[in-house]
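Notes to accompany the following structure.
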Amino acid sequence: MKRMSDKTFAWLNIAPAILLVFGIVLFPLIQTFLYSLQNMELISDNKGQFVGLQNYAELLSDPDFWGSFGRTIYFSLASIAMELVLGLLIALLLNENIKGKTFLRTIIILPWAVPTIVNAAMWKWIYHPEYGALNAFLKQLHLISSYQSWLSSPWLAMQMVILADVWKMTPFVVIFILASLQMANKGVYEAASIDGAGLVRRFFVLTLPYLKPTLLVLLVMRTMESFKVFDLIYALTQGGPANGTMVLTYQAYLKAFANLQYSQGATISYLIAMMIVLLTVMYVRILKTEEEM
Amino acid sequence: MRHSKTFTVMQYLFAALIVFCTLSPFLWLFISSISYQKDLTAVPLRWIPKDITFERYADVFVNSGNDLAYSFRISMINSFIVSASVTLIALVIGGLAAHAIARFRFRFRQKLIYIFLFTYMIPSVVIVIPLYLLLNKAGLLDSKITLVLLDLTFAIPFVIWIMQSYFRLLSKDFYEAASIDGCSRFQMLLLIVVPLVRPGLIATGIFTFLLAWDEFFFSLLFTSSLDAKTISVAIAEFSGKNTVDYGMISTGGVLACLPPLIIAYAFQKFLVQGMTAGGVKE
C-alpha cells in the first residue's frame, strides 16, 4: 500500500475542523454583511432592498451609537486598568515568601471559575437596594449614612458592572503574571538588591520591563473580551438605567432581537467585528515581536 | 530578600483584604441559599441566619413539585450534556487539526491558524441573526444538538490555538523512532503523541468545558424550553423576574458554580499550564 503524502494526511486531519467551523460560521458571516447593506426592517415596505452603506451612515451619525461606543470603551479601559494594576499587585504578593501563600494561590483562582451569569446574579443580589449585603456592610461600618440604589443611577450602575467584572477577571491576570514571575531569573534580583536597589526601583527597572510582553498580551486579550461584554450587562442591568450601561453588543442584540431591526443590528455587529479584527492583528503583531526577542 | 517590618505588616494586611474580597461574595451566596426568606429580607441584615435550611438543595435533587427547583435540575443536566459533548468533540476534531498544523509544513498553514484565531475572537452577535432565521425556518431551535454544534464554532478554534503550542514542543525524534518501528500514522498518534501531550490535553479539555459551561449568548437565543435550556439561561431568566425568591437563585448559583469550581480546584496545576501555554507562546 502506498503511503499518502504528509500534505494529504495533514489536510485530511484538518478537514473536519474546517468543515464544522467554517461550515457554520461562513454563511452567517457573509449573510450578516449583506443584511448590513440592505433594508431589513420587518415593518418596512421595501424589505430586502439594497441600500448600500446607508445603514452605516445612519448609525455613524446616531448619537446613541456613539454613546454605546463610548461606554464600551470606558467599560474596557476602566475594568482592564483595574484588573492589570490589582492583578500585578496580587501576583507580586503571591510571588513573595509569605505565610499562607499556598492558601492564597488556591483561593485566588476561584472567582474566575464562577460562570458569568452566576457572577452577575450574585452581584445583583449583593447590590440589592433594600436587602443587599453591600448596603448592610457599608452602613454597619458607617461608611454610608443611608442605603444606596447601586444600580439605579446611570453612572453608578456602570461602575458597579465594572466592579463585578474586576472581581471575576482579576484572578485571570494574576495567574498569567504569576506564571511569568516564576520563570524570572531570581539571581538578577538578588544582585540588584545587594547593589542597594530599593524595592520601588527594582520594580520599575527590573520587574516591569521583564513583565512587559505578558502585560501587553493580557492587555490585548482582555480588550478583545471586554469589547464583547454581554452576559454581565444582560443579567445585571439590561443596558439601563437610562442607557447608562448600554454597550455595543447589547445594543446590537436589542436592535436585532427586541426591535427586529435586523440591518441595524447587523451593522453594529459588523462594526464590532472590525474593531475585534484590528485588535486581533495587534495581538498577532505583539506575539511575533515577542518571538523574535 | 528581607523587608522592613512595616512592609511585612502591609503585605499581610493586603493578603487579608484579598482573602476577604475573594471569599465573602461566595460565602454570602452560600448563606443566602440556606437561609429562610424572612431572614434574607430582614433589615438590618442578619449576617448569620437564625435558622438554616437545606430544603432548597433537597428540592433540586428530588421531585418536590417545586417547578423552579425542577427547572434548575433539568437545565443543569442539559448544561452537563452539552458541555461534555462539546469538550469531547472539540478535543478530537480540534486536536487532530492542531497536530497536523504543528507537525506538517504546507501552504496556508500560517493563514489557517490566524483564521481560526479570528473565528474564536469574533463576537457571537455577528453570526446569530442569519443563524436564528435559518434555524427557526428549519425547526432546529431548542435542541441540544444545535447548541453543541454552535458551541463548537468557538470551542474547536480554541482547542486548535492552545493545542498546537503543545504539539510543537514534541521532538521529531519520537516520530522517526516510531516510524522505524513500523507504526502507522494513527498508531503513532494514539500510542505516542497522545500520551506525550496528555497534560496539555487535560488542561485544554478543562478550559473547553468551562467555556461551554459559561456560554450564554447562543443558549439565550436558541433554546427556550427545558429540552435544551442551560443553567445560565435558567438563572438569568429567573433573576430577571419581579417577585424573586433570592434564596432559590442563590441555590441555583451555588450549584452552577460547583462543577467549574471543583474542576478548577482539582486540576489547578494543569489549568495554570494551559492558561499560559497558548497565550504566551504562539
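Cβ atoms are placed via backbone N, Cα and C, with glycine included.
The transmembrane segment annotation in TrEMBL covers B:12-31 (among others).
What TrEMBL lists as domain 'ABC transmembrane type-1' is B:76-267.
Taken from TrEMBL, the feature transmembrane segment applies to B:80-101 (among others).
Under 8 Å from some Cβ of the transmembrane segment (B:113-133) lie the Cβ atoms of residues 101, 141, 150, 153-154, 156-158, 160-161, 164, 217-218, 221-222, all in the same chain and six or more residues away from its ends. Annotation source TrEMBL lists transmembrane segment at B:113-133 (among others).
What TrEMBL lists as transmembrane segment is B:145-167 (among others). Sequence-distant neighbours of the transmembrane segment (B:145-167) (same chain, 6+ residues past either end, Cβ-Cβ under 8 Å): 82, 85-87, 89-91, 93-95, 97-99, 101-103, 113, 116-117, 119-120, 124, 127, 131, 135, 193, 197, 200-201, 203-204, 207-208, 211-212, 215, 218-219, 222-223, 228, 230, 274, 277-278, 281-282.
Tertiary neighbourhood of the transmembrane segment (B:188-213): same-chain residues 79, 82-84, 86-87, 90-91, 95-96, 99, 151, 154-155, 158-159, 162-163, 166-167, 170, 174-175, 178-179, 259-260, 263-264, 267, 270-271, 273-275, 277, selected by CB-CB distance under 8 Å and a gap of 6+ residues from either end. Positions annotated as transmembrane segment by TrEMBL: B:188-213 (among others).
Summarising the annotation, TrEMBL assigns transmembrane segment to B:246-267 (among others).
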* Structure fact -> Given the transmembrane segment (B:12-31), its same-chain partners at Cβ distance under 8 Å and 6+ residues beyond its ends are 47-49, 250, 253-254, 257
* Beyond the flanks of the transmembrane segment (B:246-267) by at least 6 residues, Cβ under 8 Å -> 26, 29-30, 32-37, 40-41, 56-57, 60, 68-69, 72, 76, 79-80, 202-203, 206, 209-210, 213-214, 231-232, 234-235, 238-239
